[in-house]
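Trainee: My structure is below; once you've seen it, I'll send some questions.
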Amino acid sequence: MTLSNPAIAAASGVILAGAYLIDPSALPFVAAGVAATWARVLFKKTAVKTPPMDPKEYRKFKLVDKVHCSPNTAMYKFALPHEDDLLNLPIGQHISIMANINGKDISRSYTPTSSSDDVGHFVLCIKSYPQGNISKMFSELSIGDSINARGPKGQFSYTPNMCRAIGMIAGGTGLTPMLQIIRAIVKNPEDKTQVNFIFANVTEEDIILKAELDLLSQKHPQFKVYYVLNNAPEGWTGGVGFVNADMIKEHMPAPAADIKVLLCGPPPMVSAMSKITQDLGYDKVNAVSKLPDQVFKF
């Protein structure tokens with residue numbers, strides 16, 4: 001075994017020399033013990049830790065906390081296998097949740113709202129529907145219950161300064177992949193990407209993580225958020241109704257080779273936004289979005 005670390009080599013030399021002076025016949029056994037000890041030390045330093053989540057195999061993750069943020073939406077916190085584990089999910093990618101419901105294996109994709117470098121856990125924001133499958137299953141979870149998850153997966157992976165500007169249009173929990181990207185951009189002083197976000201909801205109470213979004217827009221001039229409500233309260237200063245062409249023209253970057261528009265939300269909304277953006281001169285949205293696409297739907 002070659003000892004490349006000078007301190008390790010020196011310590012080993014002292015041990016071997018001492019053994020020789022006390023009992024020369026024991027030298028081979030002491031040398032073997034020294035070699036085995038340092039082999040274990042070096043192995044611990046170089047061993048690669050197994051990722052807590054696998055892209056192909058579903059694994060179980062225990063629910064440790066549940067916080068409601070609107071009447072039908074909650075944040076679900078799941079523990080990773082070890083306290084020092086990191087999910088290390090690429091920015092813009094998601095995980096798959098699978099459950100057996102009425103004898104059928106059903107899966108849905110979700111993007112964690114927690115950061116990929118949060119230690120020991122990940123958080124999912126889920127809106128539950130009475131007729132939903134996976135979303136209803138989440139609403140029935142109790143602390144200590146487990147889910148089956150695998151990942152990462154997805155065609156989008158954000159890298160700093162990948163384009164000059166990003167326009168985002170999301171509805172409800174479609175916020176989650178956008179939030180990942182927004183956080184990554186504003187916390188990196190070298191990332192100069194401009195971000196404009198149109199966030200649509202039914203009522204003001206439905207706006208998920210509004211306090212964080214408002215704070216980010218106040219602290220970081222490169223990020224702007226525009227809220228749209230179907231049912232707006234009196235005195236509301238944001239958009240009212242459905243996201244339309246005029247809102248997109250005012251709040252999104254104009255079509256150009258160095259911009260992207262990201263869409264995420266209920267299927268009818270994404271379909272409507274795909275048509276409006278194409279009518280405004282953006283590229284046509286492909287059935288399955290790929291990273292190079294100008295308009296990408298999650």
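Note that Cβ sites are derived from N, Cα and C of the backbone, with glycine treated the same way.
The FAD binding site feature in Swiss-Prot is assigned to 139-154, 165-197. What Swiss-Prot records for 56-159 is domain 'FAD-binding FR-type'. Feature annotation from Swiss-Prot assigns transmembrane segment to 14-34; the stated evidence is sequence analysis.
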Trainee: Give the helix, strand or coil assignment DSSP yields for Ser146 (FAD binding site).
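Mentor: Its secondary structure by DSSP: strand.
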Trainee: So how many of the residues in the domain 'FAD-binding FR-type' (56-159) end up helix, strand or coil by DSSP?
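Mentor: Computed counts for the domain 'FAD-binding FR-type' (56-159) are 6 helix, 51 strand, 47 coil.
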Trainee: List the same-chain residues at least 6 positions away in sequence whose Cβ sits under 8 Å from the Cβ of Asp191 (FAD binding site), in sequence order, or say none.
Mentor: Pro160, Asn161, Ala184, Ile185
Trainee: Please classify the secondary structure at Ala170 (FAD binding site) using three-state DSSP.
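Mentor: Where Ala170 (FAD binding site) sits, the three-state DSSP reduction gives strand.
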Trainee: Counting all other Cβ atoms within 10 Å across every protein chain shown, which of the binding-site residues Ala170, Ala184 scores highest?
Mentor: Ala170
Trainee: Going by DSSP, is Asp191 (FAD binding site) part of a helix, a strand, or coil?
Mentor: coil
Trainee: If you average the pLDDT over the domain 'FAD-binding FR-type' (56-159), what number do you get?
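Mentor: Reported value for the domain 'FAD-binding FR-type' (56-159) is a mean pLDDT of 94.
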Trainee: Quick check: in three-state DSSP terms, what is Ala184 (FAD binding site)?
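Mentor: For Ala184 (FAD binding site) - judged by DSSP and reduced to three states - the answer is helix.
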